[in-house]
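Take a look at the structure set out below.
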């Protein structure tokens, strides 16, 4: 029997679980029993299953054959704590084809983190109320009940909860029965809730919860329930859309969302009982576009998992992109909110993020065959999510969206209640489109990285060449061996007029000659649907720039976003000069689209975040940013009228953020005054919700102790999640190091739990406290790890502490520090941090002189670095709605 890559042998397979759990919230413990019906697929005298930190009692094995039913004695029980396995050595062999029933009693304390069956607290009307809930993804079910904790080991689950009689009990399925229950020696009233049996499903989406939960329709009005209405509306709208799109019905009789205080995983797709944090599902202001999009995207994403992950499940975690990539595709949210331009937003939020991660040496293929199960949390990253979704979007464009959806529908129907690998999806799509898909997609999912396509002209002929794109710009021969099958999506402007897009040409060799007239304007990667960069040279580059600058440009918004992102990424990697990228941005001065401006802002922020300790570049760059964005603020103002186009809202928010954080005195004073009115009146409406986070940060950056203390009180006491989180982040914005110390004290001593992550974000984004955060993290590592190691929030906290540093000394310090700690679960995270630091240091070394020269030549001699009395500190602020 092999345990390849941590997987269980398949000679014994679960068919059904019968689970009963008693949850005692007064003692913060639970105990239970499980009966597991097993199919014996090969004669064996050993049964192996998962169990982690459970106290097991009275295991029994009863075997049933076609001739008899009998109990088999257990000779020996071996616990492998490192591998989280239990081996039952039986007194006799169990024959192939038999069934067996394994029964085990178990107990343990409720967890205080986010793994397994955990408890949390909520203050209702001044009284603490406790509740418990499960978080079992990806491999935490073994902490709650003995099981075969792998996604392909699907079974049916019958679940019963024994709890305080006053609690509301929830699980994946509806309540079958509920009746009083007697617990000997207890003075509390108990009840037993039996739930209906589930369809076959994986352990990681099993869910149950108990506590004083409030429903929207109940007479009791929770202070949060009203803000959940929008999320409920989205779920109601999107469920039938998924059913129609994929021609597969949602199979469960209920579809609940449970909003859990302190839930640090964002949201989890438990079948029939989605769980998530308040910020992911609660919307306090329907005019808050950023909040509205977050809630809609979260609910749509988790609803999508009811099909991708729950009905049809990846066979192993090495292809988790099959679950995650599908549900990030912008197709379905566009059907609900076509005005949001989700496909264009996808480029900024997902395509760009996936490329940034995949350009690192520490990247992994999205079909990650050799990953270590100890590092399973690291596979839920921007590569599995964002690259996975991006290459599927590229494929959808190449074969046509309608055929893609038909192929996905066939994939779901052919593998309903089953588990899959990549080939299953490619085969289903091939059956619809009529040609092989595996050959096209293999290099994108099994190989690390992506190409840069060099486009040049020689002797009147257009030539293209592909090479691996790396953020460092450096390649060894062994790092540039992959030949991708690249759909070139060639956009051209023929002499007879109009726009033509060729979706059929695929680059399958290192180099290729295109049948194009270089004198006719053209662009590769139409609508930025491909997962690659494009580097134009010579007259071809000049023609592309002219298309951008042309009034009524024939290039789409997606094309223009892609050109901006490519220009800045190519400069960072050393394929071009940073001055060339900045000069290219000058062609966008007449741009009206908010997302194009967001891509420009993101690029300028990347430069500012690299040269954050170079005062002259910060001053000159700030002047350039104000030159671009302050006129937009003057035109658009600070008010957000009802029913104005979303493009205008996003552009206003973007322009105000960039102007304020590059030192525009008028914008800063306006935001400070609005914050002062908020303190004075308590009226939240004086600060538009889309400007709330920015206003809080500016107020603390240029404010007083009174402003800091007000934000601290708001962060600790506000019942409105978006306000509370904005205040937590803003606490890190002050240049006063005594406030930084006070903020760090909150991280170490407050009862904020995993919300300390927001305080760290604020300290990271403040240039004055960025290195302070790194030092404090190293000094207090052991105490922080004791609180958070293994939780979803620990991995980003490691990254936030060091990822924005930028010198070779920083690199060496971080490298030596992490060597002294157990980073076995986070090896890739550390590698990415170190690579980001050295890449930034190399860019500074390579381009400082050239960047400074360009900025000096075009910046007015009078440089305003902030309002009178300020510290002149600049701070990057992404204006992307997220």
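FYI, residue positions are counted from 1 along the chain as it appears here.
Note: Cβ is positioned from N, Cα and C throughout, glycine not excepted.
Keep in mind that TrEMBL annotations are predicted by a computer and have not been checked by a curator.
For 13-205, the entry in TrEMBL reads domain 'Aminopeptidase N-like N-terminal'. Annotated domain 'Peptidase M1 membrane alanine aminopeptidase' per TrEMBL: 230-444, in sequence order. Marked as Zn(2+) binding site by TrEMBL: 301, 305, 324. Annotation source TrEMBL lists active site, proton acceptor at 302. According to TrEMBL, the feature site 'Transition state stabilizer' maps to 385. The annotation domain 'ERAP1-like C-terminal' is assigned in TrEMBL to 522-837. Residues or ranges marked as region 'Disordered' in TrEMBL: 860-882.
A distance of 13 Å separates the Cα atom of residue 385 (site 'Transition state stabilizer') from that of the residue listed as 'active site, proton acceptor'. Residue 301 (Zn(2+) binding site): 22 other CB atoms within 10 A of its CB, across all protein chains. Secondary structure from DSSP puts residue 305 (Zn(2+) binding site) in coil. For the pair residue 324 (Zn(2+) binding site) and the residue listed as 'active site, proton acceptor', the C-alpha distance works out to 10 angstrom. The Zn(2+) site is defined by 301, 305, 324, and by the 8 Å test on Cβ atoms against their centroid, the other residues of the chain that qualify are 269, 302, 304, 308, 309, 323, 326, 327, 328. Of all Cβ atoms in the protein chains displayed, 22 besides its own lie within 10 Å of the Cβ of residue 305 (Zn(2+) binding site). For residue 324 (Zn(2+) binding site), the Cβ neighbour count at a 10 Å cut-off comes to 25, with all displayed protein chains included.
Taking a C-beta cut-off of under 8 Å and a sequence gap of six or more, residue 302 (active site, proton acceptor) has these contacts in its own chain: 257, 267, 268, 269, 274, 276, 327.
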